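The transmembrane segment feature in TrEMBL is assigned to A:12-35, A:68-88, A:100-118, A:124-143, A:155-175, A:214-231, A:262-285, A:291-310, A:317-336, A:348-369.
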């Protein structure tokens, strides 16, 4: 029982990291069909947001609230990655819908740019830049309708961008003068330290569980529930699903597909940011942090069935549990007296590297029989 | 502790000159008869840039110190050392390509470079075919002895062997079982083969071993294995690389694998630089083994740390790889002066037997092109440094490890033409 619980927990813990990382991709790749290789770098931005938030909460005024910085950073990371995602969609991806190869190359280029950006720009000014992007993109939409429809709207838009740039520069220099760690560019990996209430273990049913892992599981669950509710219950969720199934028909019926694309991509990117927060709790934060997850993300989405959230959930927990079963050699402790050749084989695969090989092999075999994944898209899909 | 008077005098003038120039605000305009250009080849971009750029900083510092003390004197003429820095870009074929460029195009007499074993293995054929000379400053897995490479880092018997001995005999977990964790590449695998043989000789038991693929930070399966194999605590030998250490230490602490519950981790890749990245709060109470530690309380060590901080910023630290890089520049200078020429073969002959009063203490070049060094075991403290617990005497380097089954009974000696790269003892 103890063993089972331990194994199940480990599997769920590994799976939830995969799931939270793949969730955004499941939306962007699954619903929109965009192969976004910069997904990992959007995660990285989320992880850096956590780091910056942590340091800002060390400023004397905010110090009393230090313990809650991780909660705040989840929302901030969602916004930061979401905004960068929206910008990416507006400037690059929009022009490349329907040409997967070009999208792949372009987003790969973006991922390199983002990596180099955090290496060579001081984080304080990076924060300033993101703040001006947020203001510049969202301020015009808060204007009253009268201004929006006026002929001079472009001047309003232009002046709001100037305001945004000024605010960005100002916040950048304020942050860089108050937090010295953010004032210099550095390629060095940085470290997010979980607040004290999140460190150590809790005991449930006689087994000790690390708190950070539980936190990641909670973040993942909340994201999955929120995104499911959004897609199935809200008006925009219905529009997104409509556009996914038949873009032209939706367009004819008056759904603004352009807006739908922006929202879908923004949410997918925002979720990548949330994943970045989760990942920053496990390891260090550096320019390459997202790149380590991107292959795993695509693997989960393909295995689960493109365009199906339930499939993504099951696939990531499946992979998580298999990783633990194979990698930690669990079968040997469940069945200690198995025949020698079998136990030798299991021992051979019971290392982290070999477990990965085994799991990839199993996935390849599985996809031979079910090429569309666990839950293939059913119903009438109009392909272009 | 025999240090030649000439070197001491040289060091004294060096330190005098350094103070003099730092007061004058840099810009040495000493009169030199000529210049000599050396090559520096490390990664300035890519994954390894973070680590390797510290070596470039240290080598530049050593060169400037030597220049400030009058440069290199060869045949009565004083030479100012100039350098060309090339970027290996964390890409191993690039290291080979840039080596060719430095040797053929720039005609440098020596290249100081490399960090990863992969980069060294890529450069080795270039230096051997062109009969040029590479100085390599990193502690590594040994099992190599080239006539064209000079290794100033520790071999396993100058780092992991004394460390394993300490863990098994004198650490708080003495007599306990061993669990080996490493990144999945050549250094951890070779190092662990040696450790396993040694633990067996000592009468201990290795109860588990696992390797994390480079770039992977999911440590959960390894943690459950450690807990299963060492339920009551024990010794963990860690050869993980770079930021995988951050994931490892964060997650084992959350899982309750800490010194206070009887688990002690001995690290071979964590120096002062890495401690500050990982955070001392995760590492306190664990161990490290190096030849040089910043906390060594000798004038030479303090001076080394002080001049580095003065030059590159007060928040910078010095660590073992940097000390090796510093030593190799000085050893090259001494060998050139003794040989009276920059010619490879003469310098190579003059190099063996060179002694230098390094920040770690005296070192001497051995006939197998490695250094005799002192080994220190330190406990990581809350300030992010090491509290030195033990210090061996001078340990001679073994290019071919005597505990590794494939090299037992072999040695290397380049001073005797009948022995060479690998001969039977």
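Backbone N, Cα and C atoms are what each Cβ position is placed from, and that goes for glycine too.
Predicted automatically and left uncurated, TrEMBL annotations should be read as such.
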Using a cut-off of under 8 Å between C-beta atoms, tell me which stretch among A:12-35, A:100-118, A:124-143, A:317-336 contacts the transmembrane segment (A:68-88) the most.
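Going through each listed stretch, the top one turns out to be A:124-143.
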So which of A:100-118, A:124-143, A:155-175, A:291-310 has the most C-beta pairs under 8 Å when paired with the transmembrane segment (A:214-231)?
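The stretch I would name here is A:291-310.
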Hey, which of A:12-35, A:124-143, A:262-285, A:317-336, A:348-369 has the most Cβ-Cβ pairs under 8 Å against the transmembrane segment (A:100-118)?
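By Cβ pairs under 8 Å, A:12-35 leads among A:12-35, A:124-143, A:262-285, A:317-336, A:348-369.
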Can you see whether the transmembrane segment (A:262-285) and the transmembrane segment (A:348-369) are touching - at least 3 CB pairs under 8 angstroms, only pairs 6 or more apart in sequence?
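Answer no: the transmembrane segment (A:262-285) and the transmembrane segment (A:348-369) share fewer than 3 Cβ pairs below 8 Å.
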